[in-house]
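Going by TrEMBL, these are the annotated features:
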DOMAIN    661-713  domain 'HAMP'
DOMAIN    828-945  domain 'Histidine kinase'
TRANSMEM  311-333  transmembrane segment
TRANSMEM  382-404  transmembrane segment
TRANSMEM  641-664  transmembrane segment
């Protein structure tokens, strides 16, 4: 913003503040609306899954109840009484009697596809029926001995008894192939046809009881009974698996692994979320103890049309509010900064003394508002500008968002309520079917029918058993209702599961002559014998016969528990009531009553009872279910929105104060600086009524002009002196380090000459002295920045090696690997010799022979890399670490190396320090060493561009 005018800064600050406030509020709005969508979706999903599970359990319980009836002696006597030894007529009569009895159970073909009752051998008769047909199947059926001989009975028993199990395709056929050599062809044929009807099906095997096997095959589409008929969509579908992960029913079956599902204390498992392909999510539920696994699959959730439209509307409002705020802030900023613009134009065009009375804020205006503005500081004016250009658009956005949020929330929750209410109607239907199934089973029970056909007192024992609670063996659905009563055709009670010794408590108005009797008649909710409101249903009982209905014997009144349908409220997440076709109340949940009571006492203007009431038809019944969803949580969201708006507004106000202070700060600092020019405060100029910063700036302008040049000149001279001192310091330090190296290697060289002279070898001494002279002249020769080509540095390093080769004869050999392209690279003088000296004296001096010194150079990415390696004694890790630390020490640190590594540290540290001074951090010295393996020193020297930048 340094290049902006003050007006642009104010406009930009205003827009940034508004943009920040709108973005902050937009993030909250997006998160909040997404939260509304997710909450509605989660509410819908969780309650749909709960109802799906409940319906599945109800359907499976109903199938198990049918299975329990078929297992009883009433139904298995046909196969267990050795009718195969009797006449064909007797067998036919018994078969039709059994068929009539089974028909009175009203098994739905959607749930039970077929039924098999098999005897032990040919002395007994078999029975089979497909429930989409009224007559028994005429096919030849196997006996139990056939199933035992082929191994099928063993396989069926191993799968489980008394609960639904799935038979895979080919599973029983494989078992038969292992044992078919032990049975006749006729037995094998009968067993094969039977197996073909079972494979790929869910079955309930009751096992062998009284030499009879009873088995039911569930319908191919029995899982459709679990959920509402139109609930499945392309993005949502139900699949059925076994607990081994085998898919048995559904739109798209993929292999799933259920081995890691956690078990709850009651033996069931919670719905478990599992990620699938293409963004799909699987919700898995094991239905204990049935071995059935529900898999509810939902596709990747996209934005609904309402959500997209809401976001688009907010985006359009966002752009419009920003545009309006831009125009308003430009107008207000121009008005506030008008005196400052006049002052700026005067300074640029005229200079010199400023006539103050000419530039006051609307000095000629007599309006009270203008006078107040003239007496107001620029900072206050900026705060008002920010509040006008930020809070007004923000509050507009809040009002718009609140309306859009409420509209969107109503849409989402209405969609959720419609889905849940429809499913609740389906759940009510499934629960009512359970009650009707119990009534059908009771009406088909011969023991209960006997109460209506025999004289009173003939069944006292059975009556006592029922009264003592042992009637569960007669009707497995006894837990589904409170009690039942049998009436004769005159309406007199003949039997009751409660108060059986006082049947006068019960009476039923008999059906009139000519009235059509429905299969089951549901009665409106009425007080039961305990004076509790309860639902009731009536079924007429007929004597068995070949026709669907025989001679009427009496009536069965089944009285439900007061909370018969109460679970639907918990499962559906809403209160409800059920009415029949005439509008009579069949059931009303407790939550419905409580909410009606609360809303009835609440004042109409309070608006607290935000609820949605939907009415759905109950499938397969002439009923309607009215569902009431309460959305009182919206009030909490509106309160939350108010708190958020208040917080954002307060934050904007605080930021406006900070921004105004920041924008006015340069003027305030300039004013304070001008006031400090003189020792005393100068009185305000006369003729101006304005008191803002612009007027004060004009008063001090003339006093500041002469001081500015003086301060600038002094500042320039101070920086120039500082620069010269830094250059002198760098040159002195370079000179000190350069001179430190000369006596060091000179001393070592002279020591070598002295030792050679002692050996009286005059020719070698002469060669060594010549090399020494060249080295000495090279070391003391000065030049600009002491830079030389690498070729020159290598040449004089060879002179030093010549001296050392005469001293250490045959102890080491030198290997050169120089990149020709690097020979012209400029380097500092004497950066190789100290390192070579260290390698010879500290690495190779102990060798009698076999030492090797390797010197190489190469160019890498514009940098020169020089490596000096030896195969000498090397250093241990602690010694190497101490050497590396010493390299980093500066001369002023006051620390010197001690011990055996003094000589090694001086030369290498000198090279390291000179490279760092000359090239800066672009240069580096790396030391690697392994004990008794040798040492490698690598110099990294930057090129001319990098080096010049460092210098």
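Glycine is no exception: its Cβ is also placed from the backbone N, Cα and C atoms.
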Message: Do any residues, 6 or more residues outside the transmembrane segment (311-333), come within under 8 Å Cβ-to-Cβ of it, and if so which ones?
response: 7, 10-11, 14-15, 18-19, 22, 26, 29-30, 33, 303, 385, 388-390, 393, 396-397, 400-401, 404
Within-chain partners of the transmembrane segment (382-404) [C-beta distance under 8 Å, separation at least 6 from its ends]: 10, 13-14, 17-18, 21-22, 25, 29, 310, 313-314, 317-318, 321-322, 324-325, 328-329, 332-333, 336, 638, 641, 645, 648-649, 652-653, 655-657, 659-660, 663-664
Query: Mean pLDDT, the domain 'HAMP' (661-713)?
result: 57
- request: With DSSP as the reference, give the number of residues of the domain 'Histidine kinase' (828-945) in helix, strand and coil.
  value: 53 helix, 34 strand, 31 coil
